[in-house]
Amino acid sequence: MMSQPSLLVLYGSQTGTAQDTAQRIGRQAQRRRLQVNVLPLDHYNVASLISESLVVFVSSTAGQGDPPDNMKNFWKFVFRKSLPVGSLRNLDCAVLGLGDSSYPKFNFVAKKLQKRLLQLGANALLPVGLADDQHDLGADAVIDPWLDAFWEKVFSLYPSMAAVIPLREDEPLPPTYTFHFLDDVSEKTEDRLRIPTEQSVPSQSRPFPARLVSNCRVTDSSHFQDVRHIEFDISGSDIQFSAGDVVMMYPCNALEDVQQFCELLRLDPGAMFSLRATGSTAVPPRLPQPCSLRHLVEKHLDVAAVPRRSFFELLSTFATNEVEKEKLLEFSSAAGQDELHSYCNRPRRSALEVLADFPHTTAELKVDFLLDLFPEIQPRSFSIASSLLAHPQRLQILVAVVRYKTKMYKPRRGLCSSWFASLDPQAQGEVYVPLWVKKGSLKFPKEKDPPVIMVGPGTGLAPFRSAVQERIAEGKHDNVLFFGCRSESKDFFYRSEWEEKMEAGHLTLFTAFSRDQEEKVYVQQRVRENAELLWDLIANRSACFYIAGNAKDMPTSVCDALKEVFQQEGGLSSEEAEQMLLTMERTGRFQSETWS
């Protein structure tokens, strides 16, 4: 009879959802009294896979079918041609993908990974799990039954597990870390302003503290949306970027939220502690040791996010008040997911607001569990809106401040954009924002000849401002830009800049101001109206076509307009037009970067 297995759970996660699911599998294993290790794929020595016996892989798909950042090295390694075919023949594994079926490359990474593991000889215990955010009940509609099937399979492989009495669901598991409070250490003012002395290119683990030069509103004060043009000084950083790249940064929680959190949990924000891991998990690298509770809550714990189901699962284990416990257990159950959606997801209720709704349970919370209860704040990415060739030593972005109403009394705010809006170097003195740069998904032609056609309504304009600046500096003057916004007088970003470039003959600009006349006008109409020009540029001069902006309807509408151009001017059938667009996409001549 085989002994108890030890389980390894490896994840690739871009926004924290796959990490949350991996940790959930880890907790299920702990309740079954298994040895378990949960790690991001790039923190695992992938060469050790040949000696593992039981592994679950959990992965999301980023961008256009790309692996998440924290599994990129693993991905390169596992697709090496030199890996022997039967090298994973001792491995029993299962792959769970988290995706969104509204994207064309739905769960691409998980499907491709399962196929590759089978090529290398691994034994898949289950078909690949394809969780879908678009499902009425969210990803859990697939994850729950998939996990049930996984454990059934494990129990049949390891019959000895049947004799083990699992931990009850309402018994709290030990915390991942323990807090050790230090009486003799006082909170120092932040030393983050120190420019790192070691010369290395800034990265997620070593961001560069960039000075905020300016933060200006670029929409009219009467306009409903506050959009900011923000400029950073990156001199001395060694940061290089080109058009299409993105800048990454970690936002901070609002000071009022930090204060409310500390009051609810009766914590002293100035108290200093050091963290110790109870198992094999490393202490989060972004937390200084020692650390103040204020720093932990302001810069690390995602208390303003809409909590996931796992939050309610863990919270329920602390509840002693019967009414609260019953509600928390309902929210954690598979049957209660619709109820949870109505309570949390639809009104966008934050974890902090949930704690206020469950005062008895919040009073029972132990500080040691804070890092199990709250995920880490995830970095945010923004398209860079400037070129180093036009603005040396500077990096500029265009940010819409997210603010909207739900049935909640307080308006909902985007964490990062609201944090940006609160930064004011004029009033606050020097402000530094730790940041780093990574390659974006848009790539512009290196050659001088091909014209570039860009469609960027709203803040989708950002990467194209960078591209136009860069291309003009390199002597590339065939630039066509379609820009759309609500009103010429209220949210026409960088207007004088575009006018200057048009006068110099370096840019052709078409605008669509949707609310300046009775009939609404959008960028896709302008694309149709300029069919002759576009067909000439694409069919005769090999132009590249780019779309950036909100993923709702715009990209599809623009693609439809472009296919109409191919039919009307090129005399193609609708199938041929579709094929032409697919060929352009495959050869990099059609690219899009959209966000929801």
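Using N, Cα and C of the backbone, Cβ positions are placed for all residues, glycine too.
Annotated in TrEMBL:
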- 7-151: domain 'Flavodoxin-like' (DOMAIN)
- 13-18, 60-63, 98-107, ASP133: FMN binding site (BINDING)
- 205-445: domain 'FAD-binding FR-type' (DOMAIN)
- ARG348, ARG380, SER381, PHE382, SER383, GLY414, LEU415, CYS416, SER417, TRP595: FAD binding site (BINDING)
- THR459, SER514, ARG515, LYS520, VAL521, TYR522, VAL523, GLN524: NADP(+) binding site (BINDING)
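Around the Cβ of LYS520 (NADP(+) binding site), 12 further Cβ atoms fall within 10 Å across all displayed protein chains. The shortest Cα-Cα distance between VAL523 (NADP(+) binding site) and any of the binding-site residues GLY63, ASP100, PHE106, LEU415, SER417 is the one to GLY63. When the binding-site residues GLY16, ASP100, TYR103, SER383, LEU415 are screened for a C-alpha within 10 angstroms of the C-alpha of THR459 (NADP(+) binding site), the residues that qualify, in sequence order, are SER383. Summarising the NADP(+) site geometry, the residues cited as binding it (THR459, SER514, ARG515, LYS520, VAL521, TYR522, VAL523, GLN524) extend over a maximum Cα to Cα distance of 19 Å. Note: the Cα of LEU415 (FAD binding site) and the Cα of GLN524 (NADP(+) binding site) are spaced 32 Å from each other. Of all the binding-site residues in the record (GLY16, SER60, GLY63, SER383, SER417), the one with the smallest CA separation from TYR522 (NADP(+) binding site) is SER383. Neighbour density for SER60 (FMN binding site): within 10 A of its CB lie 27 other CB atoms from the protein chains shown.
GLY16 (FMN binding site) is 19 Å away from SER417 (FAD binding site) when you measure Cα to Cα.
Remark: of the binding-site residues GLY16, GLY63, the most isolated position is GLY63 (fewest other Cβ atoms within 10 Å of its Cβ). TYR103 (FMN binding site) is 29 Å away from ARG515 (NADP(+) binding site) when you measure Cα to Cα.
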